[in-house]
Amino acid sequence: MHHSCVQMLLISVLLLLFFLVSGRPATFEQDFRVTWSDSHLREIEGGRAIQLILDQTSGCGFASKNRYLFGQVSMKIKLIPGDSAGTVTAFYMNSDTDNVRDELDFEFLGNRSGQPITVQTNVYVNGKGDREQRINLWFDPAAEFHTYTIRWSHPQVVFLVDEVPIRVFKNNEARGIPYPKMQPMGIFSTLWEADDWATRGGLEKIDWSKAPFYAYYKDFDIEGCPVPGPASCPSNKNNWWEGPNYQRLSDIEARRYRWVRMNHMIYDYCTDKSRYPITPPECLAGY
């Protein structure tokens, strides 16, 4: 066999081995388990996707088998089409420690047909939350799948929608502002009824004649330091999410971020003077 052919074959075999080992994205059962109402959660496409069901008897939820300390998690989600007022579809990371919990939230708030779907993000550190920001998505998230990502590194937490950053929570510990870095977090998702607050502050109720409601998830991708796992992993500067490209937003990301904030943001706790007469310190510390 010609030398270059042998090289090509070797490279092909190595690439195949690499893909077999890294195996991303995972199937649902590799990384997740059902947490409540497994009759309302259905695996489809050979376990590569799942359907969450909400009806008058129950919602449902799932969680990662492992917890992680730093890394990136993303999923493709297709939300409830049509009239989804009063429903909440959530995708979040949570330390599961009651009074001192750390949590990073995406919550998709249902709406009446034709109204934009709102995504609410929130950040809890050491049990302190109440940091809601709301953005109207610039596309119909029920028409097809879109990618939602939480990237958590030492310098910052970034929430992204289709690679567009919609929220940044920077590490400002140097200014005395707490930052999530000590507690590993699991990855959770739920579909549930929240018509006491979800749509227009609870004014719009669920129309159960439209039930059952379906949300779909696929391409589950977790890259992070599992806990328990190698103790050196979370502080390893060679983890890609700690690399120089992820210390801050790139120029393109920063432009997209400003675009989202200027054109699509509908609520920011930082500017809510009725709740916070004194602006919270993290709001004054960039982004």
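One is the number of the first residue shown, and numbering goes on along the chain from there.
Glycine is no exception: its Cβ is also placed from the backbone N, Cα and C atoms.
Curation does not apply to TrEMBL; its annotations are automatic.
Note that the coordinates shown come from a computational prediction; the quantities given were computed from them, not determined experimentally.
Annotated in TrEMBL:
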- Glu103: active site, nucleophile (ACT_SITE)
- Glu107: active site, proton donor (ACT_SITE)
- 19-217: domain 'GH16' (DOMAIN)
- Asn111: N-linked glycosylation site (CARBOHYD)
- 1-23: signal peptide (SIGNAL)
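On the structure: features taken from TrEMBL.
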residue	record	Cβ contacts under 8 Å, 6 or more apart
Glu103	active site, nucleophile	Tyr92, Met93, Asn94, Ser95, Asn122, Val123, Tyr124, Gly129, Met185
Glu107	active site, proton donor	Val88, Thr89, Ala90, Tyr92, Val119, Gln120, Thr121, Asn122
Asn111	N-linked glycosylation site	Ser84, Ala85, Ile117, Thr118, Thr199, Glu204
